[in-house]
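*Asks:* Submitted below is the structure of interest, expressed as structure tokens.
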Amino acid sequence: MNEFQFENKHVDAFEEKSQMKMIFGKLGKVFASSIVALGLVAVMPMRAQAEDGYELWLRHARMDPEAAAFPTGFMLDCETNSPTLNIISDELQSAFMAMTGSELVRHDKLEDGTLILSSTQCSGSLQSDLEAVESDEGYIIRSENGEEIGHTLIGAKTDIGLLYGVFDYLRQVASEADLTKLDITQAPAIDLRVLNHWDDLNGHVERGFSGESIWDWFRMPDYMSPRYTDYARANASVGINGTVLTNVNADATVLTPRYLEKVAALADVFRPYGIKVYLTARFSAPMELDGLETADPRNSDVQEWWKTKADEIYEYIPDFGGFLVKANSEGQPGPQDYDRDHAEGANMLADAVAPNGGVVMWRAFVYSAEEPDDRVKQAYDEFVPLDGKFRDNVLVQSKNGPLDFQPREPIHPLFGGMEKTPVMLELQLTKEYLGFSTHLAYLGPMWEEVLDTDTHVKKEDASVADIVDGKTFNHKLSGIAGVANIGRDRNWAGSIFDQANWYAFGRLAWNPKLSSSSIAEEWIDQTFDLSNAGEETVLSMMMGSREAVVDYMTPLGLTHLMGTGHHYGPGPWVDDLGRADWNPYYYHRATADEIGFDRTKTGSNALAQYAKPLRKKWSNLETVPDNLLLWFHRVGWDYEMKSGLTLWQEMVRHYDRGVDAVAKMQSDWLNLEGEIDAERYQQISDFLGIQHKEAKWWRDASLAYWMSINGLELPEGSAQPEHSLEYYKALSFPFAPGQTQ
Ligand code: BDP
């Protein structure tokens, strides 16, 4: 029994909780607003059991038993059994108990209203029904309304596909779909849907803002926290099928037997949920662990070492997924230390895992020891010449933009730039550059913007989504990675709204063409029990939240202005760090007359890395969107914007708009008091308070700095910064969380 089920089985406490939910929840949507309007909230009893967010989107709130054609029971039409099938039964039963208050009985023969579950794997049947399902992980959900008897079929080729189908079915229930008219065929568009944990073996999470690592390495494998099961369950519920357990800034120790035993224990927990385990490989591991003199990929002892190591790993974990590697970047060892290229390094590891079906995810986030003329050009310059040289089981993993998970970047030119190599998309769920876990920033719209961007490398549509899912260049392998925002906080992600980023990552990894607003709606449906008006409010807060962050941090294509090291708060003035491209100044280059980074032909010509239509659009001041202006161009402070305002006036307008948007989120949230359980309501309220304070800090400090450079006054009606520039410059945060160790 896991913690979710434990809570659900404590029916007494649960009943009381449910009664409250019935007042404000799905049952009471219509009545809730009138109760609030009548001022009756004050006399409501307090909830016996507060919600703290642990249950994520899998709370299975109580529903009106009359409202839907709930199944009368379920039947596992299977000849064999498996741990996954047991999970399916438990999941269905505990979900229906929570939602309806009564048991979903297990039938052994077909009755009216039965939910029938079957997979080719467990019954050998259903083959023809599943012809349209393109993947072993896909499924169908079909209402079959015969003359006498109606039932719903959930079918899949594998038990894991069936588990995904069951989670989808439960999502349909939560979103109040008509359960008598379901006709769903689903298959994931992307093969590898992987979380990347930047977790160190000592429990620290690099760029983690939700507590320590959930991996309790020290106590494993003798103590396996129930959280690991809950983690697997949550991932499976949104289709995530892989997890890289360790930091890309890797520690070779995880490859030693003592740790492999722990990794194997985790893999055992995750397996029935369809989740494979991957590890980060430190390129110099043969030297560190076994005293080899070199890690040169051309050295046969080194090659042999990796083969033996890979075989050893497969003894512990027969379905080990493979390696994720950060090499020759930010001081990490790699093949270039021996004058070899990325392909030689990646191929050596690929050869080691290939006999057992493993893959290598080789990161393109490279940052060489020498200063480039423009940092954003480096990955393309290093990787494109290697296209065609990688083994079949290598994917090149690229961040969404060419710099580093900024609030807004153009797409990375590697998407479309490499035809023969599958390029995997890396997104960052943890909000290193978007206000940590206290700022509400729903990242769905940002990822949608990236996935929808047409790379123009083909005549027909070749959006980033089409490249990543392998269709544009017909790749057999495809993948997407999300840098996890998960830690040991009770609510997992540091805040309730950060759970939505985990959820959205999974849903987009399954189907990168989904809209971020439909994903947000699903998440809201499952996370809160709101009136229709309440749902609308939360949806509009979420959908506008990322743009608000862009506005108050890095408007109009500005980028990388965050405080040094920890990336907390503004530091646009920083210009004295050891290397030019570590400094915010490098990215804006503001003088009394101009601001921005010229990436056209007259500047670094980074634009040459994009296909012609994109290059033309972004090179031209007439057609470049305002939101990328200063990323690609250097213009005067008095440059006339499309709005007719000067650049300076427009910039100030954006900063003001960002702060106002947070104030609006605060007041919108206040209106929801009483519709949301006290603990989650209060934390979100407090976090919005922090966000408002920090948005204002960002605005004030940035404007104070820009004014010190351009000597301009603020437009009329715009408030002066609260403090002097010296005040903001003097702030220091030695203990800000998540720093690199
Ligand atoms: C940067 C982070 C750093 C990571 C690096 C990476 O600040 O902690 O190690 O990315 O992705 O954004 O390798």
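All residue numbers here begin at 1 and follow the chain in the order shown.
Even glycines carry a Cβ here, placed using N, Cα and C.
A TrEMBL annotation is a machine prediction, not a hand-curated record.
I grabbed these lines from TrEMBL:
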type	residues	note
DOMAIN	56-169	domain 'Alpha glucuronidase N-terminal'
DOMAIN	174-492	domain 'Glycosyl hydrolase family 67 catalytic'
ACT_SITE	Glu330	active site, proton donor
ACT_SITE	Asp404	active site, proton acceptor
ACT_SITE	Glu432	active site, proton acceptor
DOMAIN	494-717	domain 'Glycosyl hydrolase family 67 C-terminal'
*Asks:* What does the structure give for the C-alpha distance between Asp404 (active site, proton acceptor) and Glu330 (active site, proton donor)? Integer Å is fine.
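*Replies:* That comes out at 12 Å between the alpha carbons.
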*Asks:* Which is it, of Glu330, Asp404, Glu432: the one of these active-site residues whose Cβ has the most other Cβ atoms within 10 Å?
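*Replies:* By the 10 Å Cβ neighbour count, Glu432 comes out on top.
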*Asks:* Could you give the Cα-Cα distance between Glu330 (active site, proton donor) and Glu432 (active site, proton acceptor), in whole Å?
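*Replies:* Glu330 (active site, proton donor) to Glu432 (active site, proton acceptor), Cα-Cα distance: 17 Å.
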*Asks:* In the domain 'Alpha glucuronidase N-terminal' (56-169), how many residues does DSSP call helix, how many strand, and how many coil?
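*Replies:* Counting residues per DSSP class in the domain 'Alpha glucuronidase N-terminal' (56-169), I get 36 helix, 26 strand, 52 coil.
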*Asks:* Can you check what DSSP calls Glu330 (active site, proton donor), collapsed to helix, strand or coil?
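*Replies:* In three-state terms, Glu330 (active site, proton donor) counts as coil.
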*Asks:* Averaged across the domain 'Glycosyl hydrolase family 67 C-terminal' (494-717), what pLDDT does the model get? Just tell me the whole number, please.
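*Replies:* The predicted confidence over the domain 'Glycosyl hydrolase family 67 C-terminal' (494-717), as a mean pLDDT, is 97.
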*Asks:* Using DSSP and collapsing to three states, where does Glu432 (active site, proton acceptor) fall: helix, strand or coil?
*Replies:* coil
*Asks:* Hey, does DSSP put Asp404 (active site, proton acceptor) in a helix, a strand, or just coil?
*Replies:* coil
